[in-house]
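S.K.: Below you'll find the structure I mean.
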Amino acid sequence: MTVVALVPAAGLGTRLGLNVPKAFVTLLDRSLLERAVDGLFASGVVDDVVVMVPPDMIDRARELVPRARVVVGGAERTDSVRAGLAAAGDAELVLVHDAARPLTPAPMIERVVAALRGGASAVIPVLPVADTVKRVDADGIVEATVDRADLRAVQTPQGFTAGALRAAYAAAPGELATDDAGLVERAGGTVVTVPGDPLAMKITTAFDLRIAQVLAEETA
Ligand code: CTP
Ligand code: MG
């Protein structure tokens, strides 16, 4: 079964606050985009990669990741994934993997694909939540302490049968979601979990980039 990975890389990186879209920020020797795409190919379980980038970064992306197909993303992440799906051709299995997770280890990518090959139609890598989590009201007053044992932090790549992902996106034409499995859940699909990895951390802020620099130096 052909595996295509879609790499959303069309965000602006507002919270990181540099003067270049986040996927094009360099971590040591390579951009986040190059690291994410190279990591997917290096896993050995991905046949093809489609990256979605801002319209003015198409040429740059083609230089950086010549093995990938490059398409224009959209205003929201959901729009970018939609654009990627339209370019996914007849892939049977689809991974969606944020460029913002450049240090994702190969075994984690393999676990997601193995669960799909084992019959799951939607798979997400997760980690336990270390902090105590509370729900608060609009004034910041605590309403409840959520049972941490039931919670998981969710990473990417998330994996889907092409049918399940296409159906979930078709069922929610105008909806936004922070992750793709959320749309599958809304469409009534079953989402299974596999162990994530702290190295698959998402770079959102300048602090995250500092941590990632240290980790990248260790593995350089
Ligand atoms: N993304 C995308 N298209 C968008 C928005 C986000 O492809 N319209 C991608 C980002 O490039 C990133 C991933 O989705 O790889 C996760 O999004 P996020 O971490 O929020 O990145 P940005 O949207 O770039 O950052 P910010 O929200 O701080 O602007
Ligand atoms: Mg964003």
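Cβ atoms are placed via backbone N, Cα and C, with glycine included.
Keep in mind that this is a model prediction, so the values were computed, not measured.
Here's the feature list from TrEMBL:
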{"type": "SITE", "residues": "ARG15", "note": "site 'Transition state stabilizer'"}
{"type": "SITE", "residues": "LYS22", "note": "site 'Transition state stabilizer'"}
{"type": "SITE", "residues": "ARG148", "note": "site 'Positions MEP for the nucleophilic attack'"}
{"type": "SITE", "residues": "LYS202", "note": "site 'Positions MEP for the nucleophilic attack'"}
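Give me the structural setting of these features: burial, nearby parts and distances.
M.R.: Note: ARG15 (site 'Transition state stabilizer') has non-local neighbours THR204, THR205, i.e. same-chain residues 6+ apart with C-beta under 8 A of its own C-beta. Classification of ARG15 (site 'Transition state stabilizer') by DSSP places it in coil, neither helical nor stranded.
Secondary structure at LYS22 (site 'Transition state stabilizer'), taken from DSSP and collapsed to helix, strand or coil, is helix.
Within its own chain, ARG148 (site 'Positions MEP for the nucleophilic attack') has PRO128, VAL129, ASP131, THR132, VAL133 as residues 6 or more apart in sequence whose C-beta sits under 8 angstroms from its own.
Within 10 Å of the Cβ of LYS202 (site 'Positions MEP for the nucleophilic attack') there are 17 other Cβ atoms, across all protein chains. When secondary structure is read from DSSP and collapsed to three states, LYS202 (site 'Positions MEP for the nucleophilic attack') falls in the coil class.
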S.K.: If you count Cβ atoms within 10 Å of the Cβ of LYS22 (site 'Transition state stabilizer'), leaving out that atom itself, what do you get?
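M.R.: So the number of other Cβ atoms within 10 Å of LYS22 (site 'Transition state stabilizer') is 24.
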